[in-house]
Amino acid sequence: MQFSKMHGQGNDFVIIDGLKEKVNNFSQLAQQICDRHFGIGADGLVILLPSQQADFTMRIFNSDGSEAEMCGNASRCVARYVYEHGLTPKNKISLETLAGIIKPELLFENDRVTSVRVDMGEPRLNRGEIPVTGDKNEKAINIPVQLENQLFYGTCISMGNPHCIIFVDNVDAVDLTAIGPKIETAPLFPRKTNVEFVQVLNRHEVRMRVWERGAGITLACGTGASATLAAAVLTTKTERRITVHLDGGDLAVEWGNDNHIYMSGPAQEVFRGEYPV
Ligand SMILES: N[C@@H](CCC[C@H](N)C(=O)O)C(=O)O
């Protein structure tokens, strides 16, 4: 089976063209392929499939084999993949995901792809849509997230997948490996959650570290950066257009007047190969 290894600001994926390759048992394959010692190594497995409603379907499996509804960094990688592998001549495509249709657009300089801008759609704010337990029509802004011995305050947003954003004074002081999995699996989140710790640097810049549902610490998260912008605006901490500094690099996010969030950043192919099946 042929594959490509790609990343968006260090959030890395194995991409398989499911239009060409016959792939079975995506969840098990994701666990094997993503293993950094016994597999290729990645945060997630992305399978490209046909779609009735969009140019392609993108399915994304975390390294633990769970399927995610959406992935921002993978969507930039897929847009570049389908263009550079000759699957489409379009520089703006639509991708069907479990969270709906999203639209990445390649940006060029001298005929070379420099970055990808993604229309991530509208942030979903109600508890029922995220999901967070409690009144399904209420928002979850700055709500208590109680762990056994610790209390955090988080703002919860869905970008198709669930996020809990916790603003702190110093992200580097957070023990993400210890706290991340506890919040990810807290009973407050019936479908678990991605966890972002965010330090506001000024009204245009934040620094974010992420513990991803099903993948653990990753170097970047596109839906996480988008959800962070929504949380920062709703809590009046930043403007509607900010740069999110992540461990793997920067993402630019903007909350447009159309209520859609637009996320921009690079997507890079690292190598191609064959995986025995
Ligand atoms: N890194 C991704 C999100 C991947 C899915 C996530 N772990 C989940 O389970 O929701 C991104 O760039 O958005």
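Any Cβ shown, glycine's included, is placed from N, Cα and C.
Residues or ranges marked as active site by TrEMBL: CYS71. Residues or ranges marked as active site, proton donor in TrEMBL: CYS71. According to TrEMBL, the feature active site, proton acceptor maps to CYS221. Residues or ranges marked as substrate binding site in TrEMBL: ASN11, ASN62, GLY72, ASN73, ASN161, ASN194, GLU212, ARG213, GLY222, THR223.
Mapped onto this structure are the features recorded in TrEMBL.
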residue : record                       : CB count, 10 Å
ASN11   : substrate binding site       : 31
CYS71   : active site                  : 32
GLY72   : substrate binding site       : 29
ASN161  : substrate binding site       : 28
GLU212  : substrate binding site       : 28
CYS221  : active site, proton acceptor : 33
GLY222  : substrate binding site       : 30
Return the maximum Cα to Cα distance in Å (whole number) over the record's substrate-binding residues: ASN11, ASN62, GLY72, ASN73, ASN161, ASN194, GLU212, ARG213, GLY222, THR223.
16
An 8 Å radius from the center of the ASN11, ASN62, GLY72, ASN73, ASN161, ASN194, GLU212, ARG213, GLY222, THR223 Cβ atoms defines the neighbourhood of the substrate site; name the other residues of that chain inside it, in order.
GLY44, ALA68, MET70, CYS71, VAL210, ALA215, THR218, CYS221, GLY224
Rounded to the nearest Å - Cα separation of ASN11 (substrate binding site) and the residue listed as 'active site, proton acceptor':
7
To the nearest Å, how far is the Cα of CYS221 (active site, proton acceptor) from the Cα of CYS71 (active site)?
8
Cα-Cα distance linking GLY222 (substrate binding site) and the residue listed as 'active site', given in Å to the nearest integer:
7
Where does CYS71 (active site) sit by DSSP, helix, strand or coil?
coil
